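J.: For reference, the structure I am asking about is given below.
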Amino acid sequence: MRALWIVAVLLVGVEGNLLQFNKMIKFETNKNAIPFYAFYGCYCGWGGRGRPKDATDRCCFVHDCCYGKLPNCDTKWDIYSYSLKSGFITCGKGTWCEEQICECDRVAAECLRRSLSTYKYGYMFYLDSRCKGPSEQC
């Protein structure tokens, strides 16, 4: 499922939030979201279940939880204002939803940077079928 979604995003040429989130991830980690995070563990990419596999996957779990607190926002497609300078991501002004989505993405990108030292290439293309057990509460 995640693979189909990512391919669809690439084919459409998204100019919204997902592209912005990728830029934040690249800024913080020097890695492109695709392929390094799009299919990582049980929570990076579309959906998620089971227990996060490591600190990187936990960043994605927390990001999913953050989006989950914004049920009336278009978290995947809303375009928000932000800047990347002096080593920091700064979210700009916008609608309430845009500002909240930007903060979710900023916090996740910074979390991924902090988790770089424990990134495991074995989780890079992790099969959903290996994500077992109940999901944690947000």
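From the backbone N, Cα and C atoms, a Cβ is placed for every residue, glycine too.
Pulled these from Swiss-Prot:
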SIGNAL    1-16  signal peptide
DISULFID  Cys42-Cys131  disulfide bond
BINDING   Tyr43, Gly45, Gly47, Asp64  Ca(2+) binding site
DISULFID  Cys44-Cys60  disulfide bond
DISULFID  Cys59-Cys111  disulfide bond
ACT_SITE  His63  active site
DISULFID  Cys65-Cys138  disulfide bond
DISULFID  Cys66-Cys104  disulfide bond
DISULFID  Cys73-Cys97  disulfide bond
DISULFID  Cys91-Cys102  disulfide bond
ACT_SITE  Asp105  active site
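Help me picture where these features are in the structure shown.
T.: The DSSP secondary structure for Cys42 (disulfide bond) is coil. Counting only residues at least six positions away in the same chain, the Cβ atoms of Gly48, Arg49, Gly50, Arg51, Pro52, Lys53, Asp57, Phe61, Tyr126, Asp128, Arg130, Cys131 sit under 8 Å from the Cβ of Cys42 (disulfide bond).
Taking the Cβ of Asp64 (Ca(2+) binding site) as reference, residues of its chain lying under 8 Å away and at least six apart in sequence are, in sequence order, Tyr43, Gly48, Cys138.
Cβ neighbour count for Cys44 (disulfide bond): 27 (other Cβ atoms within 10 Å of its Cβ, all protein chains included).
In the three-state DSSP assignment, the secondary structure recorded for Cys59 (disulfide bond) is helix.
For His63 (active site), applying a Cβ distance below 8 Å and a minimum sequence separation of six or more within one chain yields Tyr43, Cys104, Asp105, Val107, Ala108, Cys111.
For Cys138 (disulfide bond), the count of additional Cβ atoms within 10 Å of its Cβ stands at 10 [all protein chains shown].
Reduced to three states, the DSSP call for Cys104 (disulfide bond) is helix.
DSSP assigns Cys73 (disulfide bond) to coil in the three-state reduction, outside any helix or strand.
Sequence-distant neighbours of Cys91 (disulfide bond) (same chain, 6+ apart, CB under 8 A from its CB) are Tyr80, Ser81, Tyr82, Glu99, Cys102, Glu103, Arg106. Taken residue by residue with DSSP, Cys91 (disulfide bond) is part of a strand.
Taking the Cβ of Asp105 (active site) as centre and 10 Å as the limit, one finds 26 other Cβ atoms among all the protein chains shown.
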J.: Using DSSP with the three-state reduction, classify Cys65 (disulfide bond) as helix, strand or coil.
T.: helix
